[in-house]
């Protein structure tokens, strides 16, 4: 039997940002190929879609002159074959059922994005406040580690203390596997509210903790659950308003982690010697409560879920690992987390062990996070121009080089340690901020939550083990082993990210990806 004849009809994507299934309008014919916007100068763009015999079509294949009901029905039938398939991580067609990787900023080519506007930038501001609560605390972990090791938990080993921070990070990323699909289907409102509440309560209750198990339950478990609820909506909501400029917008929001990592250590440096740990924790809880207001007001979603889609499974979708590019990227995230959180957690203790005053050494963390602010903005801007994977490969290489060339031989040299903190902060600033936009190139935006959460699930096992491994190495072999562990982890991460890029676009270093 001969193959069915194909004719063509035209669909329209308007300023509302949603393609034909959610609002079909009449348009003139276009010669643009399927899945690509035409160069029409109007605000609308057209999609030319093949329709096989047997499907309901309009009486003619030429340009329409009126909004007749048969034609509207034909356009609806046609458009269903171009929207992102709800069962795949990327746009699909009948001719290409496999996962499709787009070299453009996003695979969601049938959706228009505001790329800013008042609402879009307010979403970025709300995400900034949420990330300030979450990553500001993560980037200040070295202050807590140093204080616990000399006060409440002075009789515990470095490895035991390390579990406090690794468990916190593990819960943040692992529970995100459950949060992602719920965010995809229901939006951000309730999730963000619960996350802000748990983070505030965790710091408030921490002020009364004196025992190891109490700190685990409040700081690690309760605070980790709050962070998990904030993490995915903070990144995912930006993906609803930005596409071409997504790297820049995400970079702006993710500067919050660096800014929090500058401010919180300075605040604790002033408060701990004067009002003590209890009231210092309560002050931090009050700050988190203030940040919760704009986070709850402004974080929102814009695009509806796929038509007729039910809530996805809360468990990770391991089928995405069939794509070698995604598998390599996920492993790259795992080893990058292994390398990242060791210096973030232990740099203050390293300075104290090498002769610096304990309170003054808190400033090292501020230097590191000050560098990371620039490391979040500038790479975000470059990522939209020269490619997101290209930029994250460069910044991971910076982290590797600074660890071996500056931290390893630093010893008692305070100036070398400061230079390392600033340069490592710049390199590592994009480690977290660019991950979601890199992974976003491998999926349809409607499935971003679950795919991102699946990758973070893999990364969570890296964060769970990295800090305790560093603590065990410190107890058994000293600081040299700790530094080499972090540096080797970055080397492996660099190899996996490079492999992802090669699998996607080949070896040409000039290719934007």
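For all residues, glycine too, the Cβ spot is worked out from N, Cα and C.
According to TrEMBL, the feature compositional bias 'Low complexity' maps to 26-45.
The compositional bias 'Basic and acidic residues' annotation in TrEMBL covers 93-103.
For 325-513, the entry in TrEMBL reads domain 'Major facilitator superfamily (MFS) profile'.
Annotation source TrEMBL lists region 'Disordered' at 1-103.
Among the features that TrEMBL reports, transmembrane segment is placed at 121-141 (among others).
The transmembrane segment feature in TrEMBL is assigned to 161-179 (among others).
Here TrEMBL flags 186-206 (among others) as transmembrane segment.
The transmembrane segment annotation in TrEMBL covers 212-235 (among others).
Summarising the annotation, TrEMBL assigns transmembrane segment to 247-267 (among others).
Annotation comment: TrEMBL describes 279-299 (among others) as transmembrane segment.
Summarising the annotation, TrEMBL assigns transmembrane segment to 326-352 (among others).
Remote same-chain residues near the transmembrane segment (364-382) are listed as 139-140, 142-143, 247-252, 254-255, 257-262, 265-266, 343-344, 347-348, 351, 356, 391-392, 394-395, 417-418, 421-430, 433-434 (criterion: CB distance under 8 Å, separation of at least six residues from the stretch ends). The annotation transmembrane segment is assigned in TrEMBL to 364-382 (among others).
As annotated by TrEMBL, transmembrane segment applies to 389-410 (among others). Non-local neighbours of the transmembrane segment (389-410) in the same chain are 336, 339-340, 343, 354, 375, 379, 382-383, 416-417, 419-420, 423-424, 426-431, 434-435, 438, 441, 480, 483-484, 486-487, 490-491, 493-494, 497-498, 500-501, 504, 509, 512-513; each lies 6+ residues outside the stretch with a CB under 8 Å from one of its CB atoms.
The transmembrane segment annotation in TrEMBL covers 416-439 (among others).
The annotation transmembrane segment is assigned in TrEMBL to 451-473 (among others).
Taken from TrEMBL, the feature transmembrane segment covers 479-499 (among others).
Counting C-beta pairs under 8 angstroms (sequence separation of 6 or more), the transmembrane segment (247-267) fails to reach the transmembrane segment (186-206), with fewer than 3 such pairs.
The transmembrane segment (186-206) and the transmembrane segment (479-499) are not in contact, since fewer than 3 Cβ pairs between them lie under 8 Å (pairs 6 or more apart in sequence).
Confidence in the domain 'Major facilitator superfamily (MFS) profile' (325-513), given as mean pLDDT, stands at 87. Within the same chain, residues 165, 168-169, 172, 192, 195-196, 199, 223, 226-227, 230-231, 233-235, 237-238, 240-241, 249, 252-261, 263-265, 268, 284, 288, 291-300, 341, 344-345, 365, 368-369, 372, 432 sit at least 6 positions outside the transmembrane segment (121-141) and bring their C-beta atoms closer than 8 Å to a C-beta of that stretch.
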